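Trainee: Per TrEMBL, the feature transmembrane segment maps to C:17-37, C:58-79, C:99-119, C:131-161, C:173-194, C:206-225, C:269-288, C:321-344, C:356-381, C:393-410.
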Amino acid sequence: MDYFAQQLINGLVLGSIYGLIAIGYTMVYGIVGMINFAHGDIFMIGGFIALITFLILISLGLTAVPVILLVVLLVSMAITALYGWTIERIAYRPLRHSFRLAPMLSAIGMSFVLTNYSQVAQGARVKPIPPFITGGYTLHESQDGFVIQLSNIQIMVVITTIVLLAIFTWLVSRTRLGRDMRACEQDQTMAALLGVDVDRTISMTFVIGAALAAVAGLMYLLYYGLVDFFMGFVAGIKAFTAAVLGGIGSLPGAMLGGLAIGLIETFWSAYFSVEYKDVAAFSILIVVLIFMPTGLLGRPEVEKV
Amino acid sequence: MSGERILDVDQLTMRFGGIVAVQDLSFAAERRKITALIGPNGAGKTTVFNCITGFYKPTGGAIRLTHDDGREIALERLNDFRIAKQAKVARTFQNIRLFPGMTVLENLMVAQHNMLMRASGFTLLGLVGVPAYRDAEKRAIDLATDWLKRVSLLDRADDAAGNLAYGDQRRLEIARAMCTEPALLCLDEPAAGLNARESAALSELLLSIRNELGTSILLIEHDMSVVMEISDHIVVMDHGVKIAQGTPREVRDDPKVIAAYLGADEEEAMAVMESGS
Amino acid sequence: MTAPSTHTTKPATGIPALLKTGFINAVIALVLFSLMVGIRTEAGSEGQLTYWTRFGELASLVAAVFGGSIVIELLRQWIGPTGAEKLVPPAVQSGMSFVGRYLAPALLIFTLLVPVIFYNQRYILDLAILVLTYVMLGWGLNVVVGLAGLLDLGYVAFYAVGAYSYALLATNFGWSFWICLPLAGILAAFWGVLLGFPVLRLRGDYLAIVTLAFGEIIRLVLINWQTLTGGPNGVSGIPRPTLFGIPLNNSDEGLAAKLGIEYSPTHRIVFLFYLILALALLTNWVTIRLRRLPIGRAWEALREDEVACRALGINTTTTKLTAFATGAMFGGFAGAFFATRQGFISPESFTFQESALVLAIVVLGGMGSQLGVALAALSMIGGFELFRGLETYRMLVFGWAMVLIMIWRPRGLVGHRAPTVYLKKAQAISSDLVKEGHG
């Protein structure tokens with residue numbers, strides 16, 4: 001039971017990170033109907049920028065942890081967002097009204113570019129950082145000595161995710177930008193006729209998605225203590241799987257899917273085998289889609305005849 | 001009596017969530033006759049079509065198709081493609097659904113898929129090129145050519161279907177449905193968007209299909225000139241239920257029909273009354 | 001976020017506007033590259049991170065963006081606002097389709113002569129074999145993506161199934177290549193059907209992710225099922241192919257000895273070349289035939305409009321499954337060839353990158369066009385090879401190439417569909433009309 005509870009905590013933390021990335025996929029899909037294959041690499045870039053900012057701040061002699069965290073968060077969100085914005089401009093916007101496979105291949109190409117760019121720019125070796133946020137709480141200790149740990153970093157990941165989700169939900173449901181986004185999702189031509197700046201709205205979608213991915217990158221860096229140039233691919237596929245599992249286009253679905261993938265992976269590793277955790281996640285995706293072809297929270301597709 | 005009827009719709013009901021699109025609808029279509037299903041927009045006509053052709057699974061009721069040889073098929077139990085394949089019901093769509101990137105001739109060849117599949121020994125014999133398949137393909141091309149002549153599209157045979165004018169596309173879709181050699185042809189607003197001359201040609205085409213080939217036709221149509229001219233029997237629907245049926249003359253004078261149209265759309269009501277005068 | 005950038009501004013006129021565009025782009029580049037390029041991190045010997053600055057590189061990159069965006073802007077004004085479209089005027093395009101008629105036979109004859117012309121150039125022969133392998137993979141995937149319009153992001157899985165089928169059957173049971181080749185194809189087709197079942201109801205991007213997941217599952221199983229597949233170490237000592245039982249080696253039993261000529265290792269390379277050429281041509285021949293059979297027309301009709309297919313009595317389930325199975329079978333053949341050519345296979349050869357590469361070949365080729373796919377494979381693999389010297393930059397260049405090619409020609413090299421049957425005259429159909437499928 002204690003073991004189970006511990007795995008539940010670990011799974012939720014991992015799931016939060018996946019969920020943050022998955023939101024980026026789902027938002028872009030909702031508004032332009034394409035799979036942004038480069039999104040996983042945006043997450044990786046976010047992790048790298050966070051790492052480099054950390055290094056600089058520490059070497060400048062800063063010691064106040066909250067200040068460092070805040071600066072790192074803001075810098076990595078800002079620069080990564082610019083990456084998202086630029087990529088949309090260069091690789092996707094010229095293809096917006098093209099046939100559907102073109103932007104997808106362009107996105108796959110962009111993903112290769114980003115992976116290789118960071119390999120060339122920062123080297124192929126894994127980059128570790130020393131544990132930055134330490135300590136935690138012991139929630140429960142059983143007779144046989146098993147301890148349920150809740151580390152500070154885990155608390156931070158979950159709280160950050162919840163806060164971001166709250167801000168984000170507010171953004172989408174209450175602000176002008178959110179209304180524009182929803183309008184573009186429904187019908188871009190009509191939205192444009194009604195005075196919505198479609199280009200700008202789509203750009204902002206990429207910016208927000210990239211910023212959330214940067215947060216996920218920072219969380220990943222803090223939680224696992226390392227980044228490498230290839231981490232975007234696996235995390236990207238998992239997060240995309242999460243988005244599809246939850247029902248692509250649905251924001252709560254992305255978070256739910258992220259949590260589901262995180263939990264599946266963690267529990268499979270804990271009780272069955274670590275090697276097959278990804279196989280388990282993908283298999284469950286396939287099984288879910290067989291029975292629910294539009295994911296857990298996706299709107300059923302009505303076939304117009 | 002059942003020998004006279006090709007299609008029996010019995011107490012058909014279709015619900016989407018809480019919305020009742022069709023309720024307890026019963027009607028019959030007679031063999032070698034043209035039956036029209038009319039009614040204001042949103043009356044549930046296309047839903048009935050989708051139930052008959054298997055795109056929707058009815059919530060309740062029975063749809064029975066009786067072939068020439070007396071064989072009866074319960075359509076509500078068949079999947080969409082089996083209805084076309086086994087029950088020999090062909091249909092067209094309100095928003096034309098051709099294969100735009102294929103040529104006109106190819107569209108008609110795809111319609112003969114099941115016949116050609118058998119002739120090609122489910123691909124294996126066709127792959128090695130047996131003469132029997134070549135003969136079958138030639139017959140298929142002949143049938144297609146024949147239909148292209150009927151709908152006067154022979155000159156356009158090698159053009160992309162997507163390049164045809166709107167009226168031509170409508171006729172091609174009917175030709176494509178006929179190439180499946182159906183027992184019952186279901187047409188969903190075949191005259192929509194056609195001009196007066198094209199509508200007249202359509203009426204002529206449908207009459208020739210009935211008279212020369214003996215194919216039974218069920219059609220949904222808003223163009224009252226077409227409906228009144230060619231229909232043998234008319235079923236009027238409103239809000240998912242049948243409100244009247246009979247010959248064009250009977251329907252035209254039925255106050256309920258006029259009321260339904262007046263309540264729905266003035267222009268259409270005028271059309272009904274004008275064609276009655 | 002309203003800063004004008006190269007892609008939406010109205011054509012800037014005059015030098016100040018050009019400089020402004022260049023300057024803004026340079027500032028964006030400066031922010032993008034500041035940390036990633038300006039600072040280089042590296043893990044030290046004890047795991048601690050160190051960093052050093054590279055402001056020189058940063059400055060030159062930013063300068064390059066400044067200059068580059070001005071050049072692009074000038075080009076854009078020179079060519080016209082729509083740019084890429086006008087690069088290939090319609091007259092040239094129709095001319096290309098005319099050339100296409102003679103290009104294919106000419107290419108074929110040239111290909112047949114490659115071993116004769118380049119007999120002593122092992123490097124070129126190896127490259128030609130590689131190109132042909134991708135031509136075959138492209139043609140195989142073309143059945144699924146180009147004809148049936150079903151998006152498959154996990155095609156490499158079938159390549160892997162074929163390769164491992166041959167490798168394991170040959171190393172464990174000593175079966176010959178010629179027995180294993182059809183088996184590899186059948187096994188791959190079987191897996192194709194197995195994948196086909198769950199995805200039948202899925203559309204578009206759901207299909208994409210499931211096929212991608214399937215490819216990853218196969219690769220992960222190959223890595224982790226160590227007792228069967230040898231895990232990450234792969235399978236080695238895979239037998240070389242024989243000319244129907246006669247080995248191509250230096251022994252007394254070898255082909256050279258039997259023919260009484262001097263043995264040369266090139267014999268085997270030439271044999272492999274003609275083997276993959278034959279396999280690729282078989283794929284091509286079967287595909288061309290299938291297109292003219294009802295099943296092939298049904299695939300294309302499925303791509304155009306699935307609902308209409310069902311209304312015409314076409315069983316869309318089996319139609320999709322046969323497309324998956326056929327495409328997978330060709331992938332399996334190619335995989336078996338790959339295994340016998342390399343003599344060693346490991347899961348590393350079957351990554352998502354391979355799937356993406358083959359898909360890029362199909363889309364660049366112009367979906368559904370056999371000649372286009374062959375040309376795309378030639379230019380992609382050939383182009384890839386040009387950057388062999390710059391190993392680290394290769395994927396960077398490949399990625400940019402994919403992006404730019406898609407922007408330049410989203411419909412691929414050959415933008416026409418040839419009809420499968422005609423009454424009077426076969427007219428090419430513009431790809432603007434051809435649907436891409438929903439899958």
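The backbone N, Cα and C atoms fix where each Cβ goes, glycine too.
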Trainee: Using a Cβ distance cut-off of under 8 Å, indicate which of C:99-119, C:131-161, C:206-225, C:356-381, C:393-410 has the most pairs with the transmembrane segment (C:173-194).
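Mentor: Answer is C:131-161, with the largest number of Cβ pairs below 8 Å.
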Trainee: So which residues does the transmembrane segment (C:269-288) touch in its own chain, when a touch means Cβ under 8 Å and the partner is 6 or more beyond its ends?
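Mentor: Beyond its ends, the transmembrane segment (C:269-288) has Cβ neighbours at 111-112, 114-115, 119, 122, 125-126, 128-129, 132-133, 135-136, 139-140, 142-143, 147, 241, 243, 248, 296, 326, 330, 333-334, 337, 340-341, 370.
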Trainee: Under 8 Å for C-beta pairs, could you tell me which stretch among C:131-161, C:321-344, C:356-381, C:393-410 has the largest tally with the transmembrane segment (C:99-119)?
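Mentor: Against the transmembrane segment (C:99-119), the leading stretch is C:356-381.
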Trainee: Quickly jot the same-chain residues contacting the transmembrane segment (C:206-225) by Cβ under 8 Å, restricted to those at least six beyond its ends, or write none.
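Mentor: Sequence-remote neighbours of the transmembrane segment (C:206-225) are 150-157, 160-161, 164, 191, 195, 198-199, 231-232, 347, 350-352, 355, 439.
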Trainee: Are there 3 or more C-beta pairs under 8 Å linking the transmembrane segment (C:356-381) with the transmembrane segment (C:131-161), counting only pairs at least 6 apart in sequence?
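Mentor: The transmembrane segment (C:356-381) and the transmembrane segment (C:131-161): touching, yes.
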